[in-house]
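Colleague: One structure, pasted below without further comment.
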Amino acid sequence: AEHQHVRYNPLRDDWVLVSAHRVKRPWQGQLEKPPPEDVPRWDPKNPLCPGATRANGEVPPGTQGPGLPLHPLPAFIPSLTRQVNPKYEGTFVFPNDFPALQPDAPEPDNSDHPLFQAAPAQGVCKVMCFHPWSDLTLPLMSLPEIRAVIDAWAELATELGASYPWVQIFENKGAMMGCSNPHPHCQVWASSFLPNEARLEDRTQRQHLRQHGVPMLLEYAEQEAHRKERLVVENADWLVVVPYWATWPYQTLLLPRRHVFRLQDLSDSEKDSLASIMQRLLIKYDNLFEVSFPYSMGWHGAPTGAFLEEDCRHWQLHAHYYPPLLRSATVRKFMVGYEMLAQAQRDLTPEQAAERLRSLPEVHYKKRAE
């Protein structure tokens with residue numbers, strides 16, 4: 001707690017430098033603007049709102065879906081029409097209008113040198129709105145509404161996972177984490193390849209099972225449930241910890257208690273308890289600095305596609321939460337300098353972060369104000 005040391009991350013096979021004493025240093029660096037508190041519930045200019053025109057959402061004719069109003073584009077784009085969102089009342093999924101991956105991308109030319117390699121990359125990118133109201137976030141939604149989000153995640157993982165080996169569900173919350181739209185939503189990218197983090201976690205978990213005879217994150221969850229010093233919240237099916245090897249100040253890891261490969265493998269009761277523990281965690285995040293807490297989060301589970309027929313016992317479903325705020329709503333952790341050129345470094349111990357999160361109330365600060 002007082003002296004610097006390094007900790008090993010077995011999931012990524014790397015190390016993090018912990019320098020707890022540095023959190024006391026004075027801060028004269030950049031201060032972030034807190035997120036706006038006056039987001040309108042519905043805005044016709046917000047491309048994610050029900051009934052609104054999507055941002056530059058040109059799609060080929062015939063692919064708009066039944067019953068959706070269409071508006072013609074300028075004459076210099078004669079073959080396209082602009083998509084208008086339906087007046088959805090729950091979750092809403094649609095193709096990303098600016099996809100990073102497309103299903104019909106051509107293969108690159110063969111390389112003429114081993115230092116200049118390229119490989120094919122196809123895929124599908126979707127956007128999922130959690131709720132029709134722009135002024136809500138997951139911690140302010142009801143448990144049935146969060147459960148509907150989880151159901152939609154599982155359905156997308158099943159649908160896209162039938163064809164693609166990796167389906168990455170992720171949420172960037174807040175402008176600080178690159179979110180360009182104040183509306184509760186996430187993205188889902190399915191790829192024809194295993195991304196770097198997936199390949200790394202596949203290797204480390206496979207190696208741990210081979211050496212120790214038990215899935216790494218199943219054993220880790222049991223250890224953390226027993227030790228409790230990094231535990232934030234728990235229930236019968238799930239637990240949330242600040243991992244021993246955490247890099248970001250209030251980073252957390254959401255883990256099931258039983259051996260589960262993928263989101264679509266969860267039972268109805270596990271989905272209900274997942275909605276509950278997500279809400280509890282995210283309320284604590286918001287209560288930490290009494291601000292809508294920014295983060296990037298995402299689910300990792302066993303690969304899909306052709307991997308559905310392979311042995312994936314080494315995999316354990318889990319979700320990562322990576323929030324940047326360090327000292328207040330305006331002071332963030334920057335991954336620069338030493339972190340970029342040497343290795344990750346954090347300024348307070350995971351145990352200190354967990355203790356602070358654990359002690360926070362589970363009633364949202366906005367609800368308390370009411």
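The backbone N, Cα and C atoms fix where each Cβ goes, glycine too.
Here's the feature list from TrEMBL:
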type: DOMAIN; residues: 3-62; note: domain 'Galactose-1-phosphate uridyl transferase N-terminal'
type: BINDING; residues: 22-25, ALA55, 96-97, ASN172, 178-180, GLN187, 333-334, 338-339, GLN345; note: UDP-alpha-D-glucose binding site
type: DOMAIN; residues: 80-195; note: domain 'Galactose-1-phosphate uridyl transferase N-terminal'
type: ACT_SITE; residues: HIS185; note: active site, tele-UMP-histidine intermediate
type: BINDING; residues: GLU201, HIS300, HIS318, HIS320; note: Fe cation binding site
type: DOMAIN; residues: 202-368; note: domain 'Galactose-1-phosphate uridyl transferase C-terminal'
Colleague: With an 8 Å cut-off on Cβ-Cβ distance and a minimum sequence separation of at least 6, pull the same-chain contacts of HIS318 (Fe cation binding site), or say none.
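Modeller: Result: LEU217, LEU253, LEU254, LEU255, PRO256, TRP299, HIS300, GLY301.
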Colleague: So among the binding-site residues ASP97, GLU201, GLU339, who's got the most Cβ atoms within 10 Å?
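Modeller: It comes out as GLU201.
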Colleague: So which other residues, same chain and not among GLU201, HIS300, HIS318, HIS320, have a Cβ within 8 Å of the centroid of the Cβ atoms at the Fe cation site?
Modeller: LEU11, GLU197, LEU217, LEU253, GLY298, TRP299, GLY301, ALA319
Colleague: Rounded to an integer, what is the Cα-Cα distance in Å between the residue listed as 'active site, tele-UMP-histidine intermediate' and LYS333 (UDP-alpha-D-glucose binding site)?
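Modeller: Spelling it out, the Cα of the residue listed as 'active site, tele-UMP-histidine intermediate' and the Cα of LYS333 (UDP-alpha-D-glucose binding site) are 24 Å apart.
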Colleague: Take the C-alpha atoms of LYS333 (UDP-alpha-D-glucose binding site) and GLU201 (Fe cation binding site) and report the distance between them in angstrom, rounded.
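Modeller: Between the alpha carbons of LYS333 (UDP-alpha-D-glucose binding site) and GLU201 (Fe cation binding site) there are 25 Å.
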Colleague: Taking the Cβ of HIS320 (Fe cation binding site) as reference, which residues of that chain separated by at least 6 in sequence fall under 8 Å from it?
Modeller: GLN251, THR252, LEU253, LEU254, MET297, GLY298, HIS300
Colleague: Would you list the DSSP helix, strand and coil counts for the residues of the domain 'Galactose-1-phosphate uridyl transferase N-terminal' (80-195)?
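Modeller: So the domain 'Galactose-1-phosphate uridyl transferase N-terminal' (80-195) is made up of 25 helix, 30 strand, 61 coil.
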Colleague: Could you list the residues of the same chain, at least six apart in sequence, whose Cβ is under 8 A from the Cβ of CYS179 (UDP-alpha-D-glucose binding site)?
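Modeller: Sequence-distant Cβ neighbours: ASN172, LYS173, PRO294.
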